[in-house]
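Colleague: Dumping the structure here so I can ask a few things about it.
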Amino acid sequence: MAEQVALSRTQVCGILREELYQGDAFHQSDTHIFIIMGASGDLAKKKIYPTIWWLFRDGLLPEDTFIVGYARSNLTVDDIRKQSEPYFKATPEENLKLEEFFSRNSYVAGQYDEPASFQRLNAHMNSLHHGSQANRLFYLALPPTVYEAVTKNIKETCMSQIGWNRVIVEKPFGKDLQSSDKLSNHISSLFHEDQIYRIDHYLGKEMVQNLMVLRFGNRIFGPIWNRDNIACVIFTFKEPFGTLGRGGYFDEFGIIRDVMQNHLLQMLCLVAMEKPASTNSDDVRDEKVKVLKCISEVRATDVVLGQYVGNPDGEGEATKGYLDDPTVPRGSTTATFAAVVLYVENERWDGVPFILRCGKALNERKAEVRLQFRDVAGDIFQRQCKRNELVIRVQPNEAVYTKMMTKKPGMFFNPEESELDLTYGNRYKDVKLPDAYERLILDVFCGSQMHFVRSDELREAWRIFTPLLHHIEKEKTQPIAYVYGSRGPPEADELMKRVGFQYEGTYKWVNPHKL
C-alpha cells in the first residue's frame, strides 16, 4: 500500500475551502444568517451549535455569517454558550476563535404561532450587517406540531427580499402517508422544492456517501451487482442502549418510524438504484424514487417485531426493560426492534430479499450494509466454503471489507474465511472525517440537495410502510420479548434464514488495526 502523506487539519480544511469557492453556489463575500429555530432544545445544544462552530473554526463558512437563535425561552447568548460549549470539543488554543464565534451569535425570544414575535426576529436580522439583503437559512429544530405555524410565519415575515432563503426540516416528516402529505403540501405551498432541505443525517455519513463511489466508480462491482450474483442484502442498525428514561418520546413513533422508514430505506435506495445520469442532485434523487416505486407495501408475514426486557444478569440500565422506563405508557406494545423483508420488483433485483433490521438494547453498536453473494457453482471443497460478503461498515470504525475464502496456511488444502479490508482510520490516518451534520449543513450553504430527501421520495417511503404501521396500531400487535444485550428475537434470525440469508456464526470481523 502506498504510504500516505500526513495532512494537518489546516491543510485538509484548506483543500476543502479551495473546492468550495471554485463553484458559483458558494459566494464567500455574501452575508449569510443562520437561524436556529428551537435554539434552547437538545438538538440545537448537542448537534447544531457544535456543527456551526466546527465549520466556523475550520474556515468553511462564508466570512460574513451570523448565527441567530430563536426559541420561547428567555435566554441570552451566554446561556446558549453554557449549554452547548461542552459539546464543542474546543482546545485552549482555540479560545480566541471561540470568542469570535460567539461574537457573531445573537438570540431572540418569541412564540412560534405569534406573527409579532417573528416581526421582532425579522427586525433583529435586518439590524445585522447587510442583514436585509443577506441569504437566510432557517433550521427547524422543532417538534413537527409547530412546523405549520413556524413556516407560515417565516414565509410571511422573515424572508430575505434580495438573498436566497432555505429551510431545513428535521425528521420525523409526519407519522404516516396522510400526515406526511399534509405537512409536505403545507410546506410546498410556501416554499419551492429547491428551498426545502429535509434532513436525514444518515445521508451525511461518510460510508453512506461512499456507496455511490463504490458502486459506480469500480469496474469490478458493476457486472456482479444483480440478482444473478447477490443472494440477499442486509441493512443493520443496532444500538447497545435502551431509551435511557426518554421512552415517552420514542413511544410516539417506534423503531420503524425512528430508523427504518428513513435511515435504512435511504441506504437501500443507494444500493439498489440504477446509475444516475450525473451526480446532479435531481439525477440522483430521480433514481432513488424509481427504486422506491418498485417496492410493494410491506407484508405482515415478512415482519418480526420485538421489545426488550431487563437482563437479570445485567448491571445498571441493562436490568431494566422498555416498560420499566417511567416515561413509557403502561402496557405499551411499541416495538423497540424490527426486522422487515422488502423486494425490489425490477429486472436487476427480482427475487432478492432486502432485509432491514434495527433495534435498541442489543449486543453491540453497529450500522452496516452487507451484501451476501450466492454460493459458488460446482463446489470442489466438500462444502467448506462459506458465501462471500461485501460489508460497508457505517459505524463504528468506518470500513469496507470483503469476506472471502483463502487457503489456510499449512500442509493441507483447507479453505478458511478471511477478508480484504479497508478501514478508514488506518488508510486515512491524518484525515478528520467530518461529522454528518457538518457535511449536510455545508451542503445547504452551497445549495446542494443530493443528500436531502425530496417530497416524492418521502411519499413513496411512507407508502411502503403506512399499511403495516396502521395494521400494528389497529391490532395492537404484541412484540416478542428479547433480553437487553442480546441479538434480538430469535424469530428475526429465522425470518432471515427463511428468505435466504445464511448465517454460519463461524466468522466475525475483527478490526485488524485495533482502533
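Cβ coordinates are placed from backbone N, Cα and C, and glycine is handled just like the others.
Note that this is a predicted model, so its numbers are computed, not measured.
Quick paste of what Swiss-Prot says about this protein:
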| type | residues | note |
| --- | --- | --- |
| ACT_SITE | His263 | active site, proton acceptor |
| BINDING | Gly38, Ala39, Ser40, Gly41, Asp42, Leu43, Ala44, Lys45, Arg72, Tyr147, Lys171 | NADP(+) 1 binding site |
| BINDING | Lys171, His201, Tyr202, Leu203, Gly204, Lys205, Glu239, Asp258, Lys360, Arg365, Gln395 | D-glucose 6-phosphate binding site |
| BINDING | Arg357, Lys366, Arg370, Arg393, Tyr401, Thr402, Lys403, Asp421, Leu422, Thr423, Arg487, Tyr503, Trp509 | NADP(+) 2 binding site |
| MOD_RES | Ala2 | N-acetylalanine |
| MOD_RES | Ser8 | phosphoserine |
| MOD_RES | Thr10 | phosphothreonine |
| MOD_RES | Lys89 | N6-acetyllysine |
| MOD_RES | Lys171 | N6-acetyllysine |
| MOD_RES | Lys171 | N6-(2-hydroxyisobutyryl)lysine |
| MOD_RES | Lys403 | N6-acetyllysine |
| MOD_RES | Lys432 | N6-acetyllysine |
| MOD_RES | Lys497 | N6-acetyllysine |
| MOD_RES | Tyr503 | phosphotyrosine |
Colleague: Using Cα coordinates, what distance in whole Å links Gly204 (D-glucose 6-phosphate binding site) and Lys171 (NADP(+) 1 binding site)?
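Modeller: One finds 14 Å between the Cα atoms of these residues.
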Colleague: Give me the largest Cα to Cα distance among Gly38, Ala39, Ser40, Gly41, Asp42, Leu43, Ala44, Lys45, Arg72, Tyr147, Lys171, the residues the record lists as binding NADP(+) 1, in Å as a whole number.
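Modeller: That value is 21 Å for the farthest Cα pair.
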Colleague: Report, as a single number, how many Cβ atoms besides its own are within 10 Å of the Cβ of Lys403 (NADP(+) 2 binding site).
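Modeller: The answer is 20.
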Colleague: Mind checking which of Tyr401, Tyr503 has the fewest other CB atoms within 10 A of its CB? They're the recorded positions.
Modeller: Tyr503
Colleague: Would you count the other CB atoms within 10 A of the CB of the residue listed as 'active site, proton acceptor', including those on all shown protein chains?
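Modeller: The residue listed as 'active site, proton acceptor': 23 neighbouring Cβ atoms within 10 Å.
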Colleague: Using DSSP and collapsing to three states, where does Gln395 (D-glucose 6-phosphate binding site) fall: helix, strand or coil?
Modeller: strand
Colleague: For the recorded positions listed here, Arg72, Lys89, Lys360, which shows the highest count of neighbouring CB atoms within 10 A?
Modeller: Lys360
Colleague: With a 10 Å radius around each C-beta, find which of these binding-site residues (Asp42, Glu239) has the fewest other C-beta atoms nearby.
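Modeller: Among the binding-site residues Asp42, Glu239, the sparsest Cβ neighbourhood within 10 Å belongs to Asp42.
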Colleague: For Arg72 (NADP(+) 1 binding site) and Lys89 (N6-acetyllysine), determine the Cα separation and express it in whole Å.
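Modeller: That comes out at 27 Å between the alpha carbons.
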Colleague: Work through the binding-site residues one by one (Arg357, Arg370, Lys403) and name whichever has its CA nearest to the CA of Asp42 (NADP(+) 1 binding site).
Modeller: Arg357
Colleague: Looking at the recorded positions Lys171, Glu239, His263, Gln395, Lys497, which has the shortest Cα distance to Arg487 (NADP(+) 2 binding site)?
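Modeller: Nearest by Cα distance to Arg487 (NADP(+) 2 binding site): Glu239.
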Colleague: In the structure shown, which of the recorded positions Lys171, Arg357, Arg370, Arg487, Lys497 has the fewest other Cβ atoms within 10 Å?
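Modeller: Looking at the recorded positions Lys171, Arg357, Arg370, Arg487, Lys497, the Cβ with the fewest others within 10 Å is that of Lys497.
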Colleague: Just name the winner among Gly38, Gln395 (the binding-site residues) by count of other CB atoms within 10 A of its CB.
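Modeller: Comparing the binding-site residues Gly38, Gln395, the most crowded Cβ belongs to Gly38.
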Colleague: Applying a 10 Å Cβ distance cut-off over all chains shown, what neighbour count does Ala44 (NADP(+) 1 binding site) have?
Modeller: 24
